[in-house]
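To start, the structure itself, in structure tokens.
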Amino acid sequence: MAASGPGCRSWCLCPEVPSATFFTALLSLLVSGPRLFLLQQPLAPSGLTLKSEALRNWQVYRLVTYIFVYENPISLLCGAIIIWRFAGNFERTVGTVRHCFFTVIFAIFSAIIFLSFEAVSSLSKLGEVEDARGFTPVAFAMLGVTTVRSRMRRALVFGMVVPSVLVPWLLLGASWLIPQTSFLSNVCGLSIGLAYGLTYCYSIDLSERVALKLDQTFPFSLMRRISVFKYVSGSSAERRAAQSRKLNPVPGSYPTQSCHPHLSPSHPVSQTQHASGQKLASWPSCTPGHMPTLPPYQPASGLCYVQNHFGPNPTSSSVYPASAGTSLGIQPPTPVNSPGTVYSGALGTPGAAGSKESSRVPMP
């Protein structure tokens, strides 16, 4: 195996994590980690979750901060997996700048729709609605956009091949298993993603020109310098080029198995057959009832000529070359009028070329 260079990334040691995806998971750990692992149970309600009094008290920051709050270690672990899986794929598709932009947009619109349903539920006395928290609403919004705009017709979910349009709804049902997660907020997030994917809301979209300008500003310029994580450019051409390099890596950038070099087309066929570079002898001409003239002794070619006495008429004969490299050994002499007679060029000599006493080997 060829050894990779010192500057090459080692293969299959760890997957590439996009920059914004990593910092989203890190921010969730910094916000929820101290409350979960340092404070005593039971925990007091967090001041960053999404509640109906958030707008009444002008706590508008809760429209975004709720996606970093987790009230259970299991939900924190599930949230980290969701961020890595769904947010990472979305960032690789749209770029780091647009990923951060859509994270905020999806969080705000999902929160507004959630608060509207919560207000209707409280007025109609349908029951108490659980507070929205965690990254799952934004993840479902990203999944909705990806599902609508994807060209894939089928996808693999839980070991089953299902139509891609059913993937968000199957995962929405599975979100019931995540503890302390608002199912209503997940529905709101999925609705926002599907609506955005179907209508192509250009009014709230971020253009590529603006994304390229933001790539050079803080904090994205600092994120670009961190080589441990993958910063995805806002240019669609650069993303396609990076994807092409990933699918077709440059020769020498990955370990390869050493093997014998193939023969290049520039080598003529005669060089592979003759070590001395000599050309093959021309085919001998033959007239009916006359013995063919054998070529000089050429051990490298191994050519032999077969004379067949059963041509168009009994007295005619035809000569054609036999398979190269086939050897049947020296056999005892046989009658000249045998059905098939082989005149071996390896046994003939230039002096006996015109005589009929050359060696004969019967063909099976």
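Don't overthink the numbers, they just go from 1 along the chain as shown.
Using N, Cα and C of the backbone, Cβ positions are placed for all residues, glycine too.
Swiss-Prot lists 11-31 (among others) with the feature transmembrane segment, giving sequence analysis as the kind of evidence.
For the transmembrane segment (63-83), the residues of the chain that approach it from at least six positions outside its boundaries are 21, 24-25, 27-29, 31-33, 35-37, 43, 46, 48-50, 54, 103-104, 107-108, 111-112, 131-139, 178-181, judged by C-beta separation under 8 angstroms. The annotation transmembrane segment is assigned in Swiss-Prot to 63-83 (among others).
Listed as Cβ neighbours of the transmembrane segment (100-120) (distance under 8 Å, sequence separation of 6 or more from its ends, same chain) are residues 20, 24, 50, 52, 54-55, 62-64, 66-67, 87, 90, 94, 126, 129, 132, 137-138, 141-142, 145, 182, 184-185, 188-189, 191-193, 204, 206. If you look up Swiss-Prot, you'll see 100-120 (among others) marked as transmembrane segment, on the strength of sequence analysis.
Among the features that Swiss-Prot reports, transmembrane segment is placed at 158-178 (among others), with the record citing sequence analysis.
Taken from Swiss-Prot, the feature transmembrane segment covers 184-204 (among others).
What Swiss-Prot records for 242-282 (among others) is region 'Disordered'.
The compositional bias 'Polar residues' annotation in Swiss-Prot covers 267-276 (among others).
Here Swiss-Prot flags 317-329 (among others) as compositional bias 'Polar residues'.
Feature annotation from Swiss-Prot assigns region 'Disordered' to 317-364 (among others).
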